[in-house]
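Lifted from TrEMBL, the feature list:
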type	residues	note
BINDING	62-66, 162-168, D191, A290, G344, H390, D459	(6S)-NADPHX binding site
BINDING	N63, D158, S194	K(+) binding site
BINDING	K427, G428, S429, T430, T431, G458	AMP binding site
DOMAIN	10-248	domain 'YjeF N-terminal'
DOMAIN	255-515	domain 'YjeF C-terminal'
Amino acid sequence: MRTAYSVETVRNAERELMERLPEGALMQRAAAGLAAACADLLGRAPGRVYGARVVLLVGAGDNGGDALYAGARLARRGAGVTAVLVDARQRAHPGGLAALMAAGGRVVTGPHEVHEVHEVHEGHGTGADGPAAPLAHAGGGTGSAAYVALHRAHLVMDAITGIGGRGGLRPEAVPLVRAAEASGAVLVAVDLPSGVDADSGRVDGACVRADVTVTFGAYKPGLLIDPAKERAGALRFVDLGLETAGTPADLEALQHADVAALLPVPAAESDKYRRGVVGVVAGSARYPGAAVLAVAGALHGGAGAVRYVGQGGDAVLARFPEVLVSGGAPADAGRVQSWVIGPGLDDRVKDARADVLASDVPVLLDADALAGLDPQEVRGRSAPTVLTPHAGEAARLLGVERAEVESGRLDSVRKLAVKYGATVLLKGSTTLVAPPDGGRPVRVNPTGTGWLATAGSGDVLSGLVGSLLAAGLAAVDAASVGAYLHGLAGRSAARGAPVGAGDVAGAVAGAWRGVGRG
Ligand SMILES: NC(=O)C1=CN([C@@H]2O[C@H](COP(=O)(O)OP(=O)(O)OC[C@H]3O[C@@H](n4cnc5c(N)ncnc54)[C@H](OP(=O)(O)O)[C@@H]3O)[C@@H](O)[C@H]2O)[C@@H](O)CC1
Ligand SMILES: Nc1ncnc2c1ncn2[C@@H]1O[C@H](COP(=O)(O)OP(=O)(O)O)[C@@H](O)[C@H]1O
Ligand SMILES: [K+]
């Protein structure tokens, strides 16, 4: 399981550990890990650090301190290191500054002025294309030293803000960050891309778009949730020895082994009924395809049989003769161990929804079954209920704008779970699953892919998750295992080219086999 912790938890764990360690030891651990990651990115041969040109965008806090100490380490290995003090008042970590200067690094204050130029010790600035150009001197009229350095850099560290950052980048930082992004250098975010919110994944204003983020001590939720996740690039983790074991994670992501342990496997004495029967109420005369796709997902989710209820029976049977089809009301269709209701339904949805909600088995509500859903209808149930909205549906259920859900996915999924007393799977670029109390941990799906954004793929997901419920998984597990397999199926079906929802359903068995093999 990959876990992520809030800033408050990280700071508490850091405080406890710092009490037992010499002053500055944690920052040295962070800097050592950061320098090693950067050296690795510059090329594995030691010579690639020697002569490399590295620029540090340094903010006023400890995040800048990490980069200054890491820069000092790289400078001692022969890199030409320039620190650009981004803070409007040119504050920077004093110990880190001293260390960088002692190692022969250069410090530039702001884009238009050179504060101090230190002699570059032997070997610096002698990269593949010759010695680094001398930095512009204050008021020398040769352009900004910071921009010259950025333009020539092989690697830039973004150390403007880490977990202490508030809001987006301040105006003085924006042109420097844009120059770094345009330079062609590898852009490495220190702990977090500056400008993103560590706890929520929100991006309020300008922020850094990194190629790699080197994060310290614990993953922060923002690194795993869009829109911030998308700005973080590839993640690298530096272990600081923080103790978070006793604290519930804010976020957790299943890994292959976790999913393998949860997959239902038929026992020797199983029969189709003992494996569970999933009832699917989906499709209509207008949308028979939704019935086919939801059933296709359900056939691959571990239930022993799929019962279909609705007007798409002919289409379902033509494709899947193994399905038990009923034309009447769900309550008359026979016993099931879970219900899935919603994809492609017509205006008779309300009666059918009341029927399945009155049952004593887990119910998954998707698409049309979410419209106008009364929280009391769900809260009174004794068996689990799972809601699977996309951002638009979640916004309607919460009475907010869709953009609000998309920019604050973690908040939104928690609020919905609390409002309905239900497990909520919020679909989209980052799929999240919140438990019914909206508490910790929320699960984040690590396998998603934009190729899943194709009509009907949500129908497949609802059938798949409903089938896992019928097979006996707890609601949060069924939802997160379903999303995990669905993401893997999307990836393997697509392999870099567009696919339809039917292809995704067809790839679920392969994804299951891949996970099962560990
Ligand atoms: N604690 C530990 O043991 C360890 C911590 N470690 C490291 O410390 C980092 C946390 O350091 P931190 O607490 O000093 O905060 P930090 O992220 O540098 O930002 C605060 C500064 O930024 C400023 N600022 C705020 N918002 C801003 C904005 N939008 N745009 C621009 N500036 C903004 C704010 O200025 P002010 O608001 O005062 O004007 C303040 O000066 C953490 O992420 C990790 O890297 C590691 O060494 C491991 C050990
Ligand atoms: N940008 C994205 N990245 C990853 N997955 C996405 C993205 N956009 C949509 N998805 C996934 O695609 C599926 C679409 O479901 P949904 O919105 O219900 O569409 P439909 O109703 O057409 O089936 C969901 O599983 C969702 O998580
Ligand atoms: K940063």
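Every residue, even glycine, has its Cβ placed from backbone N, Cα and C.
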Quick one: which of these binding-site residues, N63, G65, D158, D191, S194, H390, have their CA within 10 A of T431 (AMP binding site)?
H390
Env. residues of AMP site, Cβ within 8 Å of mean position of K427, G428, S429, T430, T431, G458 Cβ:
H390, A391, L426, L432, N445, G448, L452
Which binding-site residues from the set N63, K427, S429, T430 have a C-beta atom lying less than 6 Å away from ligand 1?
N63
Please check the binding-site residues G65, D158, R166, S194, S429 against ligand 2 and give me the ones with CB under 6 A, sequence order.
S429
Mean pLDDT for the domain 'YjeF C-terminal' (255-515), rounded to an integer?
96
Enumerate in sequence order the binding-site residues N63, G65, D158, R166 whose Cβ-atom distance to ligand 3 is under 6 angstroms.
N63, D158
Binding-site residues: D62, D158, D191 - member with fewest neighbouring CB atoms within 10 Å:
D62
How many Å separate the Cα atoms of D62 ((6S)-NADPHX binding site) and D158 (K(+) binding site)?
12
List which of the binding-site residues G65, I163, H390, K427, G428, T430 have their Cα within 10 Å of the Cα of S194 (K(+) binding site), in sequence order.
I163
In whole Å, note down how far the CA of H390 ((6S)-NADPHX binding site) lies from the CA of T430 (AMP binding site).
11
Which are the residues of the chain, N63, D158, S194 excluded, whose CB is within 8 A of where the CB atoms of the K(+) site average out, their centroid?
L57, G59, G64, A67, M157, A159, I160, T161, G162, G165, A189, V190, D191, L192, P193, V208
